[in-house]
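S.K.: Below are the features I grabbed from TrEMBL:
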ACT_SITE  A:86  active site, nucleophile
ACT_SITE  A:203  active site
ACT_SITE  A:205  active site
């Protein structure tokens with residue numbers, strides 16, 4: 001598998017996701033600077049977390065218009081898998097690669113903690129090593145992760161298996177009390193219509209090693225390696 | 001230029017004797033720019049004029065110390081070519097006036113102190129003190145400070161891994177925001193601030209200079225009064241995104257061979273950075289202020305030199321166009337301002353030009369080194385009587401435990417640390433909420449442990465014992481996770497040193513700290529002093545905050561405080577006399593802040609620490625927690641609440657002590673261990689060999705904590721402990 005991580009000024013999870021990718025695929029991913037305009041042949045592109053360009057505007061809005069994102073969009077349209085984590089998810093919605101938007105958390109505060117997620121669609125290149133409805137634990141760390149899509153869009157997303165993860169209790173119930181940020185229907189991550197682009201607010205790369213408190217995130221990188229190698 | 005009138009002199013904070021000294025140094029009257037430069041260089045914040053004499057007594061050396069106090073931060077050797085760079089610094093006054101920006105720029109400033117030396121910041125910590133929860137400003141200040149620390153630290157992508165937060169009415173008018181950064185450097189690639197090489201270019205890079213923060217350092221050295229709110233324009237505004245770029249640009253530049261010396265622009269901005277670099281190198285600087293990147297037009301030399309705009313750096317480059325081109329290319333990549341603003345001279349003078357004219361011409365060393373040093377009068381505090389536990393009201397231990405766990409000082413600080421990204425960088429092995437945070441050295445099996453500690457009520461009761469206790473508690477917290485305590489940074493927060501009682505607190509607590517550091521082999525490698533923390537004559541509790549750093553050779557062996565298994569033994573290390581003077585039990589249950597604080601026996605502290613570290617290293621300990629605020633029962637309850645299953649504990653109290661004294665006494669030098677029965681005999685034997693008291697006090701199991709025939713559910717304690725802070729802060733929302 002060949003992977004690239006996009007680095008914007010202000011990205012700060014680029015190294016973390018590179019470490020997780022390397023642990024699963026046995027090679028370092030390519031680190032690509034925001035001003036670059038061309039990408040080589042790749043299997044997966046990761047848009048990492050952080051505060052791209054400071055995120056002083058709406059999160060991800062500046063990055064969506066960066067030189068490299070034109071190329072990421074072209075690659076995504078040609079079928080290259082794209083994974084956006086946290087700020088990466090915000091950038092992918094701002095770029096139009098994923099439906100919906102991410103608003104301020106309901107409590108208006110930054111939240112960093114572990115959450116439980118239910119795998120809603122395990123039949124994708126990102127999640128094939130998870131079981132359907134498996135409950136996993138990933139951390140979140142964001143102030144703008146409150147997912148919203150209009151009713152019509154959301155209905156078609158649901159019909160097309162585009163909901164990737166939902167916030168849930170440790171027993172797998174996607175109840176209101178398990179929703180950390182006010183997201184519509186507890187949505188934590190979504191796919192594009194072809195299931196080739198995934199965006200999620202929680203950080204799989206942060207719990208991909210037992211020493212750090214858990215390794216549920218590792219299966220996502222292992223899934224990509226298995227599917228794309 | 002304005003005339004130097006007595007009013008102008010007084011408004012710059014000079015006493016008559018200080019101004020006389022200026023006249024003597026210059027042999028003439030200073031102009032306004034020069035006067036401004038003197039005022040910030042000689043402010044308490046920059047010159048340590050009241051504390052210098054006493055700070056010199058602290059031990060600062062050990063074989064593993066690479067760099068002690070005097071540079072931007074302290075440095076210790078952790079082997080394999082790795083070095084840890086760390087420091088703690090206060091941003092108290094700005095945070096009280098504008099909590100979000102005050103706290104945010106405090107984090108920014110301490111980060112710069114660390115990466116200036118060539119280290120990548122790997123962890124942030126903080127020690128916060130707020131006023132009484134019932135004070136009308138407290139909620140606003142907590143909300144703003146926490147949001148500011150998070151807003152800055154989260155964006156720069158350095159995890160905030162722990163800290164401490166206390167509440168006391170003495171901080172009503174002077175909150176304390178002490179921020180600490182720990183960085184990782186290569187031992188052979190450390191950068192210092194001493195300028196060298198006559199003719200070498202002096203380069204400014206980072207953000208542009210604006211009018212913000214002018215005279216911040218002098219503000220931080222004066223008492224507050226009812227007009228302090230008018231000082232708001234002297235608070236700086238932070239830009240964490242630029243700081244993130246600055247970190248990456250600096251580290252990239254430091255990997256090339258172009259830098260001679262580098263210094264961040266902290267308090268007193270361009271003035272202190274340029275004077276310090278020149279003074280340390282024994283050289284002069286000639287600067288053309290027209291070349292300084294400026295945010296607004298028409299700035300005067302005075303404003304440029306005194307601005308405290310954030311995210312700026314000054315460096316001396318190697319000579320020649322090649323070094324300059326290399327450095328400029330890196331700054332261009334990161335879109336940071338870059339300007340050659342001057343060059344080094346042999347004159348030992350600072351010569352500043354603006355619009356082609358010399359606007360200041362000052363000798364460097366007399367300003368940088370000859371700042372006043374005071375031996376201020378001080379009086380030793382009166383010793384308080386020792387309180388006999390039998391005279392202290394006894395209440396049901398279960399009820400008292402629940403009350404204590406819900407009191408502001410002991411209540412869970414989850415509401416705070418959940419607003420900090422404590423996991424970014426992927427090396428946080430022990431997260432906030434334990435005795436010490438544990439952060440792995442990236443790509444290796446070793447780790448650093450980090451803690452911040454001080455118990456201000458002890459320091460107030462007896463500054464000498466309190467100073468010893470602060471250092472000992474840091475030592476204990478590091479040992480409790482299995483780390484060898486290496487060195488400390490100190491952040492000394494006190495009231496007005498011109499009052500002999502306050503000066504007595506300073507002198508005595510430094511004496512206590514120094515003694516503890518010596519006996520525990522735990523030197524001071526960096527620090528910061530914040531004085532004049534008084535409002536309308538009311539001083540804060542003396543708060544010498546200690547930031548401790550320890551080393552774990554094998555991160556896989558570190559232990560946390562959460563109970564792990566049913567039916568294991570609970571072992572108490574250390575001696576219990578049931579000391580209730582200056583305890584939380586006395587304050588929260590009996591409403592009294594009286595009595596002498598618990599004494600620290602440093603030789604026993606050391607032996608107990610060595611024992612605990614050895615047991616953890618031998619993997620004979622399932623969980624470990626130091627006994628501190630609130631005493632033994634609180635420590636056991638914290639271990640129970642931290643376990644996912646809320647495992648309880650059944651304790652057997654000895655009959656030799658009053659029950660409430662055994663449960664809540666704050667005797668020092670103690671740890672609670674969870675030990676498997678199969679390891680118990682060897683643990684007790686090892687304790688005997690270390691000449692340290694160890695006794696089995698109960699068993700884990702069930703879901704209640706029981707002692708002396710009373711019991712309380714762990715769930716119930718958890719709700720009380722977790723509930724206080726969110727409820728307190730939530731009220732803010734409905735109140736407006």
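Cβ coordinates are placed from backbone N, Cα and C, and glycine is handled just like the others.
Tell me about the setting of these features in this model.
M.R.: For residue A:86 (active site, nucleophile), other Cβ atoms within 10 Å of its Cβ number 32.
Neighbour list (residue A:203 (active site), Cβ cut-off 8 Å, at least 6 residues apart, same chain): A:13, A:16, A:49, A:85, A:86, A:138, A:139, A:140, A:141, A:217.
Secondary structure from DSSP puts residue A:205 (active site) in a helix. Residues near residue A:205 (active site) in space but far in sequence (CB under 8 A, at least 6 apart, same chain), listed by position: A:13, A:16, A:17, A:19, A:20, A:85, A:217, A:221.
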